[in-house]
Structures are given as C-alpha cells and as structure tokens.
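Take a look at the structure set out below.
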Amino acid sequence: MDNGMLSRFIMTKTLLVFCISMTLSSHFGFSQMPTSSVQDETNDNITIFTRILDGLLDGYDNRLRPGLGERITQVRTDIYVTSFGPVSDTEMEYTIDVFFRQSWKDERLRFKGPMQRLPLNNLLASKIWTPDTFFHNGKKSIAHNMTTPNKLLRLEDDGTLLYTMRLTISAECPMQLEDFPMDAHACPLKFGSYAYPNSEVVYVWTNGSTKSVVVAEDGSRLNQYHLMGQTVGTENISTSTGEYTIMTAHFHLKRKIGYFVIQTYLPCIMTVILSQVSFWLNRESVPARTVFGVTTVLTMTTLSISARNSLPKVAYATAMDWFIAVCYAFVFSALIEFATVNYFTKRGWAWDGKKALEAAKIKKKERELILNKSTNAFTTGKLTHPPNIPKEQLPGGTGNAVGTASIRASEEKTSESKKTYNSISKIDKMSRIVFPILFGTFNLVYWATYLNREPVIKGATSPK
C-alpha cells in the first residue's frame, strides 16, 4: 500500500508540475512567437532583396542599352514644373525648376520576389543603363544634390524603371518684340537623346499631349508675364549621324502692360499735353514758350532712352518705339510751331513799327502846322478884332483852342491804340484745335489696334 500510494503521489505531483509548466509556456512562450516571426520575416525579406539586388547586377553591362539588336528602346517622359521664372528679356532666356521623369523597360532587371515594386537607392542609377537625355536649348542645367542627390529610382518586377530627377534649367526663349509691350511668347523646352537615333531609342510622352507637362498652381514666379498655359509636341531632325526625335514643351506667356503704362506711356502722354499748353500763351512770351518747347523735347529724349534699357538691342522698332516716336514728333512740332509764330510776330512788329513811326512824323508835322496857324490867327484876332464880335467867333479864338485840344486827345488815343501791334496768332488758334484732335485720334487707333487683336505667338508648334 505504501508503495502504491507513493507511486500515485509521485504521478500526481509530476502531472501537476507538467500542467503548471504548460500553463507558463502557453502564457509566455506563445506570446513571444509573433514578434519572433515578424523579425524572422523581415530578416528573410531583407535577405531576399539583397539576393535580388546582387543577382540583378550579375553579368549586367550598363554600357549596352536594353533590347540591343532586338527592339527599339522606348523612353516615356513627363515633367512636373514646381517653379517657372524669372524671364529675362535682355538675355532672351527663362528659368524653370522641374521634376523630370523618365521610364523605360530593361528585361535584364526582371526579378521575382514578395514585392512587385522595388524602391532603390540613387547610387544604383550609376550602375545601370540610363537614357542620355540632354536639353537642346538649355544654357545651364543644375541637378540638385542637397542634402543628398534629388533622384528617385524604382524597379518593377517586369523590369520597368522609373527615374526621376529634380533639375533647374535656364533655357533659351526666342522672342519677337515687334508688339512689345503687348506681346506674347511661346518659350520652348526641347530635349532628346544625345547619341541614340530613332532606330535605337525613341521618346514618347507618358500621358499624351494634355497632361504630360503640369505646372504647379503656385509655381509661377513672374512679375511681367501671365503664364497662359503649355502645349507639348515632338519634332524630328536629320543629321549626318541619323534621325533624332526632339520632345518639345512650349510655355505660353502674355506680357503684363501695367508697368509700362505707368513707366512710359503716361509720362509720354503728359509730356505731349504739356507741350500743347504753349499754344495758349501769348506769342510775345518768348522765354516761357521756349522753355516749354525745349524742356518737353529733352523729356521725350530721356523717356525714349530709358524705355530701351529694358530690351535687347534689336534692329527693328517695337510698338512702344512707334508710340514714343509719334509723341516725340508732336512735341517737336509744337516747338516748330512756336518758332514759326515767333518769326511772323517779329516781322509784324517791324512793319507795324515802321508804319507807326511814319504816321507819327506826319501827325507831328500836321500838329505843328495847325498850332502855328492857330497861334498866328489868335494873335491877329486879339489885336484887331471888332469890339462887338465875341471872341468865340474869331478865328483862332477859344473855339480853335478847344479844337486843337480835341485833336491832341485823338492823336494820343490813336498812338495808345497803336502800341498793341499783335493780335492772337492764327497759327496758334489752329494748333489749339488740330494738335489735340490728331493726338487723340492717334491714341484711339493705337490702343484699339494693339489691345483688341489676338496676340501673335511666334515659334510655337502644334502638338503631334
């Protein structure tokens, strides 16, 4: 009995210990299994990706393009513009900051793994084949490297690569300035392969002609232009090394006229109006009218020089040049008009003065003759007149004295009236009407012509 009881006791204790251990293991051991499995899975993925990357570059030659000898490599491109501007008129160039995306397929980089898309470090871009894209009209291009190279590289399991770079490009923008400052321009951005002709590499737009070039809503950095929109297309050029495809994106710009109205147009208009004030001054006011004429001519000269400083030295006249030239003609004509009036005014003074001098001499002789006769008659009458005849009836009496006084008064009045030799010039009268009408008509025709017509954008090509 004792042995049986001892055996049962031992078995019971053993069973109890087993149950307790199972309970503890279920509480602690099973709770640690998920973490351990996640870590193991992560480690396995890292190991798998490492093996994939190591295997991708085994026997890979980045000197050879994908599909060499079998097919043409197609490179799909699109552009996202983060900042557009500024635009330099004098240099005929513009600056643009973009995310430049390129996508192509390289069957040598196909892989099988737990993920369909594999994000890669930008260092791998130097170890694989990438398109030799360059910008045809680029003057200066910068690839951003702060804080690390701004590049993105993604690889899909079928070998499709997405390569994105952030670039700042200064590109040429040919401008036709005949309509300046009411002009519009299409600034192109042209890029393509440097070495591969169409028989080896072709470029296409990723999202067609409408969405392949997108400008951010707050991406415009323009003070003198409105960014009206953008269009894309393709061009083909033939050289001695083959035929190449050029991808083109045109950014359509319309100039803002407000700055030039304040800076040039209003001062020119006010100067012309000021020059016409001289028509209302007396033609005898030679200093005042001379100051008006010379000052306005010098002002127009200064305005014409300053207006040209913001433009390149083109060989043709712009719309602003025509306006300034006409205003200059009006101002100079006002000065010539004054010179003409002044010339005839001097001649009028000379002839009127000569006639007045001759008339004064004749009147003086007549007056002396009359006075002599009156004095002699008065003296004779005083000595010999009959006593019954009043003095008023005698020749040379008081009546004659009154007549002589009236003659003198009329002569003085005549001489006073002769002092004003010149009336208002007929040329001035005509100029007061003709000059404002002509200048107003010119402004009406000028602004109606340039503001109401559609802007002519030269250099833009229709999308293909």
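Residue positions begin at 1 at the first shown residue.
A Cβ is built for glycine as well, from the same backbone N, Cα and C atoms used for every other residue.
Residues annotated as 4-aminobutanoate binding site in Swiss-Prot: Arg101, Thr164. Every protein chain considered, the tally of other Cβ atoms within 10 Å of the Cβ of Arg101 (4-aminobutanoate binding site) stands at 17.
Summarising the annotation, Swiss-Prot assigns ubiquitin cross-link to Lys355.
Around the Cβ of Cys187 (disulfide bond), the number of neighbouring Cβ atoms within 10 Å comes to 26. Annotated disulfide bond per Swiss-Prot: Cys173-Cys187, in sequence order.
The N-linked glycosylation site annotation in Swiss-Prot covers Asn45 (among others).
Taking all protein chains in view, 11 other C-beta atoms sit within 10 angstroms of the C-beta of Asn145 (N-linked glycosylation site). Look at Swiss-Prot and you will find Asn145 (among others) tagged as N-linked glycosylation site, backed by sequence analysis.
Long-range Cβ proximity for Asn207 (N-linked glycosylation site), meaning a same-chain Cβ under 8 A and a gap of 6 or more residues, is found for Asp78. As annotated by Swiss-Prot, N-linked glycosylation site applies to Asn207 (among others).
With a 10 A radius on its CB, Asn236 (N-linked glycosylation site) counts 11 other CB atoms from all the protein chains. Per Swiss-Prot, the feature N-linked glycosylation site maps to Asn236 (among others); the stated evidence is sequence analysis.
What Swiss-Prot lists as region 'Disordered' is 382-414.
The signal peptide annotation in Swiss-Prot covers 1-25, and the record cites sequence analysis as its basis.
Residues annotated as topological domain 'Cytoplasmic' in Swiss-Prot, with sequence analysis given as evidence: 341-429. The average pLDDT computed over the topological domain 'Cytoplasmic' (341-429) stands at 59.
Swiss-Prot lists 261-281 (among others) with the feature transmembrane segment, giving similarity to another entry as the kind of evidence.
Among the features that Swiss-Prot reports, transmembrane segment is placed at 287-308 (among others).
Among residues of the same chain six or more beyond the transmembrane segment (319-340), those with a C-beta under 8 A of the stretch's C-beta atoms are 178-183, 260, 264-265, 268-269, 271-272, 275-276, 278-279, 289-290, 292-294, 296-297, 299-301, 303-304, 307-308, 427-428, 431, 435, 438-439, 442, 446, 450. Annotated transmembrane segment per Swiss-Prot: 319-340 (among others), in sequence order, evidence recorded as similarity to another entry.
The transmembrane segment annotation in Swiss-Prot covers 430-450 (among others).
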**Fill in**
Rounded to a whole number of Å, the separation of the Cα atoms of Thr164 (4-aminobutanoate binding site) and Asn145 (N-linked glycosylation site) comes to 13
**Message:** I need the nearest neighbour of Asn145 (N-linked glycosylation site) among the recorded positions Arg101, Cys173, Cys187, Asn236, using C-alpha distances.
**Reply:** Arg101
**Request:** To the nearest whole angstrom, state the Cα distance for the pair Cys173 (disulfide bond) and Arg101 (4-aminobutanoate binding site).
**Result:** 23
**Prompt:** So among the recorded positions Thr164, Cys173, who's got the most Cβ atoms within 10 Å?
**Reply:** Cys173
**Tertiary contacts of the transmembrane segment (287-308), as residues 6+ beyond its ends and Cβ separation under 8 Å** = 263-264, 267-268, 271-272, 274-275, 277-278, 281, 320-321, 324-325, 327-328, 331-332, 334-335, 338, 342
**Fill in**
Students should find that the Cα atoms of Cys187 (disulfide bond) and Arg101 (4-aminobutanoate binding site) sit apart, in Å rounded to an integer, by 20
